[in-house]
Amino acid sequence: MAKVQYYGTGRRKKSIARVRLVPGEGKVLINKRDEEEYFGLETLRVIVNQPLVLTGTKDKFDVLVNVYGGGLTGQAGAIRHGISRALLKADESLRPELKKAGFLTRDPRMKERKKYGLKKARRAPQFSKR
């Protein structure tokens with residue numbers, strides 16, 4: 001018999017997370033590593049688990065994640081987005097609370113490009129009057 005799996009793709013800045021929810025006891029594996037090992041900071045682990053805690057499904061699913069690109073904070077946001085989308089496929093009735101918390105919204109903020117004549121996106125070279 002085929003196992004029931006729910007897929008979701010999440011994005012944040014330059015990070016892309018492919019999330020798979022499998023019925024289980026609440027383990028989170030990120031790139032084949034435990035979440036404590038992958039994310040050193042507690043705040044990042046909290047971000048990843050927010051949709052599961054909010055919907056009360058923390059102990060119902062094992063979360064298997066492939067994530068690449070960007071930094072750790074962007075990856076945590078992408079995983080949260082992906083888990084939220086996968087939870088919707090598992091149970092559509094969770095949509096109102098996930099939407100109210102803002103977990104289904106793709107954060108549109110991206111890094112601003114560097115402009116020529118400037119040191120960074122907006123930082124101008126030091127101005128000297130004389």
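One-based numbering along the chain as shown.
Yeah, the Cβs are placed from backbone N, Cα and C, and that goes for glycine too.
Pulled from Swiss-Prot:
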- 101-130: region 'Disordered' (REGION)
- 101-110: compositional bias 'Basic and acidic residues' (COMPBIAS)
- 111-130: compositional bias 'Basic residues' (COMPBIAS)
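Each residue of the compositional bias 'Basic and acidic residues' (101-110) gets a DSSP state, and the totals for helix, strand and coil are 1 helix, 0 strand, 9 coil. With helix defined as DSSP H, G or I and strand as E or B, the compositional bias 'Basic residues' (111-130) counts 0 helix, 0 strand, 20 coil.
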